[in-house]
Structure formats: structure tokens, C-alpha cells
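What Swiss-Prot lists as ATP binding site is Leu370, Gly371, Ser372, Gly373, Asn374, Phe375, Gly376, Thr377, Val378, Lys395, and the listing cites sequence analysis. The domain 'SH2 2' feature in Swiss-Prot is assigned to 163-253. Summarising the annotation, Swiss-Prot assigns phosphotyrosine to Tyr23, Tyr42, Tyr126, Tyr289, Tyr316, Tyr341, Tyr345, Tyr477, Tyr518, Tyr519, Tyr539, Tyr622 (among others). Positions annotated as phosphothreonine by Swiss-Prot: Thr250, Thr338, Thr377, Thr523. Summarising the annotation, Swiss-Prot assigns region 'Interdomain A' to 103-162 and lists similarity to another entry as the type of evidence. Per Swiss-Prot, region 'Disordered' is recorded for 293-312.
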Amino acid sequence: MADSANHLPFFFGQITREEAEDYLVQGGMSDGLYLLRQSRNYLGGFALSVAYDRKAHHYTIERELNGTYAISGGRTHGSPAELCHYHSQELDGLVCLLKNPFNRPPGVQPKTGPFEDLKENLIREYVKQTWNLQGQALEQAIISQKPQLEKLIATTAHEKMPWFHGKISRDESEQIVLIGSKTNGKFLIRARDNGSYALGLLHEGKVLHYRIDKDKTGKLSIPGGKNFDTLWQLVEHYSYKSDGLLRVLTVPCQKIGGQTGNDSFRPQLPSAHPATWSAGGIISRIKSYSFPKPGHRKASSPQGNRPESLVSYNPYESDRGPWANEREAQREALPMDTEVYESPYADPEEIRPKEVYLDRKLLTLEDKELGSGNFGTVKKGYYQMKKVVKTVAVKILKNEANDPALKDELLAEANVMQQLDNPYIVRMIGICEAESWMLVMEMAELGPLNKYLQQNRHVKDKNIIELVHQVSMGMKYLEECNFVHRDLAARNVLLVTQHYAKISDFGLSKALRADENYYKAQTHGKWPVKWYAPECINYYKFSSKSDVWSFGVLMWEAFSYGQKPYRGMKGSEVSAMLEKGERMGCPPGCPREMYELMTLCWTYDVENRPGFVAVELRLRNYYYDVVN
């Protein structure tokens with residue numbers, strides 16, 4: 001969460017206020033001397049420590065919901081660095097201008113907090129246990145959903161802590177604290193019925209109770225004390241500083257056999273859990289815990305409805321209280337919750353049919369068409385697999401003239417699709433020869449990206465960034481498999497949910513041999529020229545690098561909410577424009593960094609154009625920065 005500041009030489013990471021003051025003293029305490037540190041109270045926030053009049057002054061920098069940073073009541077900024085630069089020129093509430101940064105001494109790295117140290121392992125274990133993923137499916141889930149998973153882990157980490165006892169009464173909490181050792185500072189936290197919490201603290205043989213309130217914004221605090229985003233941050237703070245309590249927190253109170261309180265809410269502790277509260281930080285005690293499962297992957301059903309029992313935490317929605325999981329309100333799924341994240345044949349009991357031909361008797365079609373084209377129509381259907389009924393999209397070949405070329409095109413597309421298996425690519429279930437040739441594929445209910453964005457202008461930038469990043473992950477996979485798509489456009493990206501995109505339509509796709517890096521077409525066909533790189537138009541040469549050009553156009557479509565590229569221009573006019581070095585302008589409201597990536601994708605010289613490895617990494621880093 002400190003990624004946006006780690007590169008700054010004056011950023012010290014998660015040091016305490018006292019440590020910051022010590023550093024400023026080392027620097028001479030001259031007016032305007034300053035350093036930046038990570039907030040110990042707010043997720044993704046920072047604190048600015050400034051010397052003035054021989055005293056240290058501290059300002060909290062909160063991360064706003066839109067991803068900007070601001071000192072309370074002050075102007076918002078795109079990054080902590082921009083905020084510091086601004087306050088080097090404008091007071092705007094500070095005691096003095098920022099003049100001299102106090103940089104970290106040589107060899108000193110930003111200090112990571114306990115959660116930062118462990119979050120990679122926590123996320124990996126959480127994804128493994130919650131969605132039962134392994135291998136590439138696990139890695140893809142972590143990469144694409146890391147910001148959401150970080151928030152999920154951070155805001156629910158207290159449920160796995162030894163000091164959190166769930167819903168127990170005040171009397172029960174006193175009994176538990178008084179069992180065993182009577183060490184001063186022994187403590188536990190319990191949940192109260194109104195959504196707040198209470199701290200039980202042992203002092204001189206008596207249990208003191210402190211209320212932990214939760215305000216409308218979700219901030220937690222002991223009355224009169226500091227605000228915190230999470231319970232574990234609150235506990236970490238009061239473990240090194242009493243700050244209004246009679247004493248600091250020392251020893252967490254263990255659950256009795258892991259069976260007290262609300263066991264449906266709280267995971268059972270492993271029997272090997274250590275009984276002592278040794279050095280190493282509060283969070284270090286959750287390494288060996290098993291995570292509760294908020295939901296499982298969506299089960300297939302003919303109706304395509306999501307059972308209430310499978311509803312899981314949705315990090316895209318605002319917090320609705322600590323007991324939101326107990327409510328039956330519908331929440332939107334993460335990609336891993338959907339039935340199309342993994343291949344239907346990932347289940348070893350589901351045997352892939354030989355030569356991918358399906359039994360027509362097991363396929364049911366709806367009458368309503370989802371779409372149509374020169375090839376025929378697409379309908380929604382249901383395919384009876386061995387264990388489940390799977391909702392599918394069926395491309396039905398319209399071949400009244402019995403043209404063998406049309407059948408060959410469909411079979412060629414099927415041949416490409418059967419070789420691909422990635423969460424961000426529409427998978428083929430199989431092909432069916434009956435009243436017509438049919439290509440049976442995974443269903444993406446929300447349809448093409450361009451049409452969805454045209455009809456849903458409320459979709460925010462960070463949601464669009466999330467979707468185009470997923471597309472880049474799918475294209476990186478194609479690049480690694482030596483496939484060229486040749487028809488990458490927003491119309492061929494289908495949405496499973498508002499937060500889950502898949503690449504489709506492999507009718508023009510080609511597999512390259514291991515010794516090839518491009519495909520050369522023999523003739524000019526009915527090509528989507530406005531999405532094509534100059535070398536495709538001029539020399540009929542197609543490669544992953546030409547797909548990168550198309551991806552830049554797709555990004556432009558997405559950030560312009562489904563508008564047509566080069567509107568009103570003919571293909572020849574577009575070619576002339578590109579030859580002159582001109583490119584489409586930045587869509588209104590599009591982040592500067594995203595337009596810069598588009599123009600990089602539109603590099604004329606194919607050798608200097610980035611590949612999808614570089615494009616995906618750049619998108620990933622920006623996505624993490626704006627969503628965190």
C-alpha cells in the first residue's frame with residue numbers, strides 16, 4: 001500500500017511518530033525540514049512530519065475514495081510526491097513551507113509494517129483456500145485482483161487474530177481474561193450487537209472495558225482516541241503506546257479451545273497456535289491460520305441464478321457493517337466467484353469429449369438471439385455436463401448455400417479456441433454438428449465491452465483500467481502461446497460482470513510456428529482496418545506487436561465509453577493520417593498515464609513497439625496505484 005511512495009528518498013515507511021521526530025532531530029530541526037511516513041491509522045494513508053520552531057508537527061494524509069491524497073481540509077493531489085511539492089510552494093494550512101527533505105540514511109530501506117510483510121503470503125493462502133485454485137489460475141487471480149484482495153485481507157484480518165473473540169458477552173469476556181495468567185495488559189476484543197467492538201484489558205487483577213466505536217465512514221476509535229481503518233491497526237498502536245488507556249496491550253487472550261463466541265463468524269484456531277505474545281508484531285500470529293470461506297465459486301444452474309448461500313464479500317461495494325456477511329443482500333462477485341474463471345474441464349470428473357464434439361441431446365437452446373452476423377447467430381443455451389448444467393453461448397452457423405468455406409472458418413476458429421485456457425479468454429466447451437454447425441462457448445452475460453460502456457456512462461475510470469488490464473493479461477497469454485488474434489477490439493471483449501472481461505472471437509486468429517514471429521496474409525480481406533497497425537495494412541504482416549496496436553485502439557474505445565475510433569473517416573484516410581505521424585486524441589477525462597500507454601502502443605516502428613509483457617506490467621502497476 002506504500003507503493004506510491006517507496007521511490008521517494010524521504011519516505012521512511014511505517015515508522016512511529018517518535019521515530020520520525022528522532023530523525024528530524026538528527027537532521028537539525030531546521031524550519032521546513034520534513035519526511036514522509038506511512039500512516040499507522042489509515043490503509044493507504046501517509047503522515048507528513050515537519051520541523052518548525054524546534055518542534056515536530058505531524059499532518060495526516062488520507063487517501064480519498066477517488067485515489068487522490070489530501071491533508072484534512074486541504075487540496076487533493078494525485079500522489080504523495082505531488083502533495084509535498086505543492087506544500088513546498090504553498091502553506092495551505094501548514095505551519096511552514098516544506099524546504100528540505102530529510103532523506104533516509106544510506107542502506108536504510110522504508111520500514112514495512114506487519115501487514116505489509118505478510119500480505120503476499122496471506123493473499124496466496126486466502127485465494128488457495130477460498131477458491132481452491134492452483135498453478136496459473138492462482139497466479140492470474142492474484143495478479144488481476146490484488147488490490148481487492150489486499151483490502152479484503154486487511155479489513156478482515158482481525159477475524160483470524162488470537163485476541164478477537166467474536167460475539168461474546170461482557171461477562172464472558174471477563175471470565176476468559178481472568179483464566180490463566182494475570183499479566184497486566186492481557187487483552188481481548190469482542191464484537192457488540194450494534195456493529196461496534198469492545199476492548200477488555202487486565203489491570204491489577206481487574207478487567208477494564210473500553211468501547212471501540214465505528215463512525216459513519218467506517219473509522220474505528222476508542223472514545224477520545226485516534227481513528228483507525230482496521231482493528232489490527234488499533235491493536236498495533238495500543239501495543240506500543242497506551243495513549244489514554246491505563247496501560248499498553250501486552251498479551252492476547254487465547255480463545256478457549258477455539259469454540260467460544262460466534263464460530264460461524266470466526267475461524268477455529270489451530271491447536272499449535274503459540275500461547276505467548278513475543279516480539280515480532282501483532283500480525284505475525286496469523287501466519288498459520290486457516291481462512292474462513294466467504295463464498296465458493298458460483299455453481300452452474302439452468303437459470304443462471306447465483307444462490308444466496310454463495311454470496312461473498314464484494315470489495316467494490318462500500319462497507320455495510322461487520323456483520324454484512326450474515327445478511328442476504330446480493331453482492332457482486334469477484335472473477336474467481338464466477339463459473340467461468342476456470343475451465344469446466346478443470347474438474348477431473350468432467351472428461352473433455354474426444355475431438356471436442358458434443359452430444360446435441362445434451363444441449364438446450366433458448367429462442368432469443370444474443371447477436372448475429374455474416375456467420376449466423378449467437379444464442380444462449382444450457383449444456384448438460386457430467387456434474388452440472390452449464391450456461392453457454394452458442395454460435396450457430398448460417399449456411400443455407402452449404403458453402404464449405406463457412407464451415408471451414410468455424411472449424412478453424414474452434415481449432416484455435418480448443419488450444420486456449422485462460423481466465424481472460426472465452427473458452428470453447430466444444431462443437432456440435434446437428435441441424436447446423438454450432439460452436440459452444442462460455443457465456444458472458446453482459447455482452448460486448450463497447451456496447452456496455454455506451455449504455456453505462458457511470459462506470460468509473462478505475463473500473464475501466466481494471467477491465468483493460470484483464471484484457472492485457474489475456475493477450476499476454478496469447479503472446480506466450482504464439483497466437484495472433486488479428487481482431488482485437490472492444491466489440492470482441494465480452495463482460496461476465498462489470499469487473500470481469502474476456503477476449504472472444506478468434507475467427508481471424510492464427511497460430512505461429514515456433515520459428516515465426518509474424519503471419520503474412522496472402523490477400524487483403526474484410527479487415528477491421530481502423531484497428532490495424534501500419535505493417536498490417538501496408539505489408540499484410542501480423543504479429544503480437546500488431547495486436548498491441550489494436551489493444552491501444554481498444555483502450556481508446558474503452559476510455560471514450562464505446563465511441564467508434566476515427567469516427568467519420570474512411571480506411572484510406574486513417575492510413576494517411578497514421579503515415580503523417582498523427583494519432584487519435586486523448587478521450588475526455590481519460591487519465592494521462594493511460595493515454596500515454598495508448599500512444600506507446602501506436603508506435604509506428606514495430607521493432608520499437610512494446611510487447612504485451614511490457615504493456616501488461618505497466619497497466620498492472622498503474623491499476624494497483626489507483627485502486628489501492
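Cβ atoms are placed via backbone N, Cα and C, with glycine included.
In this structure, the modified residues under consideration are Tyr23, Tyr126, Tyr519, and the one with the smallest number of other Cβ atoms within 10 Å of its Cβ is Tyr519. Shown for the domain 'SH2 2' (163-253): DSSP residue counts in helix, strand and coil, namely 18 helix, 28 strand, 45 coil. For the pair formed by Thr338 (phosphothreonine) and Leu370 (ATP binding site), distance between Cα atoms is given as 20 Å, rounded to the nearest Å. The residues of the region 'Interdomain A' (103-162), classed with DSSP into helix (H, G, I), strand (E, B) and coil, number 44 helix, 1 strand, 15 coil. Put simply, Tyr345 (phosphotyrosine) is 26 Å from Thr377 (phosphothreonine) when counted between their Cα atoms. Across the structure, Tyr42 (phosphotyrosine) and Val378 (ATP binding site) are spaced 49 Å apart at their Cα atoms. Comparing local CB density within 10 A for the recorded positions Thr250, Thr338, Ser372, Thr377, the maximum falls on Thr338. All chains included, 18 other C-beta atoms sit within 10 angstroms of the C-beta of Val378 (ATP binding site).
Cβ-based crowding with a 10 Å cutoff singles out Tyr341 as the top-ranked of the modified residues Tyr42, Tyr341, Tyr345, Tyr539, Tyr622. Cα distances from Ser372 (ATP binding site) to the modified residues Tyr126, Tyr341, Tyr519, Tyr539 are smallest for Tyr341. The two recorded residues, Tyr345 (phosphotyrosine) and Tyr477 (phosphotyrosine), show a Cα separation of 19 Å.
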